[in-house]
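Per Swiss-Prot, the features are:
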type	residues	note
BINDING	GLY243, LEU244, SER245, GLY246, THR247, GLY248, LYS249, THR250	ATP binding site
Amino acid sequence: MSPSKVYQTPEEKIRAELGLSSGVLTIRRNAPAAVLYEDALAERKTAISSTGALIAYSGEKTGRSPKDKRIVDEPTSSDNIWWGPVNRKASEKTWLINRERAADFLRTREHLYIVDAYAGWDPRYRIKIRIVCCRAYHALFMTNMLIRPTEEELAEFGEPDFTVWNAGQFPANTHTEGMSSKTTVEINFRAMEMVILGTEYAGEMKKGIFTVMFYLMPINHNVLTLHSSANQGPNNDVTLFFGLSGTGKTTLSADQHRKLIGDDEHCWSDYGVFNIEGGCYAKCIGLSGEKEPEIFNAIKYGSVLENVVYDPVTRVVDYEDSSITENTRCAYPIEYIPSAQIPCLSENHPSNIVLLTCDASGVLPPVSRLTPEQVMYHFISGYTSKMAGTEQGVTEPEATFSSCFGQPFLALHPMKYATMLAEKMSQHNASAWLINTGWTGSSYTAGGKRCPLKYTRAILDSIHDGTLAQAEYETLPVFGLSIPKAVEGVPAELLNPAKNWVEGEGKYASAVSALASKFTENFKIYQDQATEEVVRAGPQI
């Protein structure tokens, strides 16, 4: 793929790989924010917000395109990949066509941007990433999201371990073998490259690298990659938070009393926990300074706001406006969070594992303590609710399951990650909890109430100070979950959903049965590889 010749600079190498003569276009490597702002403002719908953040528009695609994710079927990785709906196969011929198509487009641009940076804060495991793109906003986004090298590290950067070719403004050819749309996000583990066509959504770069880490870390280093946030308390106790979008993973890990290790992507090694990223990618819908001050105040010069609506006169962002997308986002360096732990790693192993779910059925309790087998079951299940209202005709929230709380990003079979997690929890004596940040008293559609954030934070405080581990518990039928009878700062009537159900315990039993059936049906695809103890840890109808 790449010429064997040794080049003096990364810019020279990129010119050679794209077949460009010297001076045909401008290549900016690791450009500062000010330069990227200047270039970005030439693009349509780009502006500077009242707080100094760069406002950018990602075009037609305002979210990831998981059905267009491809992994090249090649001999060095094929036997390890979890093939199926998550990881669709692309032939090596298709890869070559798409890579050349991306190169053809990139060589026509006026400016190209290179971002050389790292994935992984632990120097023992970090990999060198090179981003090649043609939108300044993409370059600033990845400058924020990757770990920025020092001047000395950049001078000695050398060859990257993995390269992303982002030609997202240009579509894939739908007549190419294996293409189902004009979008493709394609990873080749033999070439150690990724190609993006047909989507300008910046999150595709971030999550593509996440998939690479989900493959390389377990396979090459026996290091567990996790879709989680992490923080560390004053006593050096580490907590991991697992949860799908909208469950509160980013919000709850940003705690003024604890140091933030990271908000989304981590690895758990024999030496502790480290963040994969150098930034945060927070959801902005409904954001306010009162509810989430650390995130709100991080939106300033150097940050990237994506697909938000703003007042064209004052440039004040309306975080309640979802007319472009519900998936409004902001990407900022992790140093913008005052409580961030820099470097973003801990030599301490997690003492608490928190599985977050936003249960719109109202069935699951605000908090329950999990056995090791229940952790395996609920980690593999990865349950939450996809909320109604974002699609025409959808009137009921939908139960959704995402194995390991990160199914779209997994490279290996979920049981591989679940087994590694169970082994590490056992080795380091970690406690595990299931927290429902969703509805209580009834379902979303039948008058239930969202569990207030202040109560969820009180629950976390009781986990971190050790009092919840010493509490008295009762068992929730069917799911077999252990529920505390009292938590300081939380009304006792909220803790047991059966006793709190507005329509009475009889109606609650019906709701439990309905949700339990969905869990059981979902788990069937993993049952043949799970132990009998793990299967029994699920709901018993």
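Cβ coordinates are placed from backbone N, Cα and C, and glycine is handled just like the others.
The model shown is predicted, which means the values in this text are computed figures rather than measured ones.
THR247 (ATP binding site) carries neither a helix nor a strand DSSP state and counts as coil. Sequence-distant neighbours of GLY248 (ATP binding site) (same chain, 6+ apart, CB under 8 A from its CB) are LEU356, CYS358, THR437, LEU453, THR456. Taking all protein chains in view, 24 other C-beta atoms sit within 10 angstroms of the C-beta of LYS249 (ATP binding site). With the fewest other C-beta atoms within 10 Å around its C-beta, GLY246 stands out among the binding-site residues GLY243, GLY246.
What surrounds the ATP site, by Cβ distance within 8 Å of the Cβ centroid and not counting GLY243, LEU244, SER245, GLY246, THR247, GLY248, LYS249, THR250, is the set THR251, LEU356, CYS358, THR384, THR437 from the same chain. Counting only same-chain residues at least 6 apart in sequence, those with a Cβ under 8 Å from the Cβ of SER245 (ATP binding site) are LYS283. Spatially close to LEU244 (ATP binding site) yet at least six residues away along the chain are LEU356, THR357, CYS358, GLY382, THR384, THR400, SER402, PHE405, judged by Cβ distances under 8 angstroms.
Counting Cβ atoms from all protein chains shown, THR250 (ATP binding site) has 23 others lying within 10 Å of its own Cβ.
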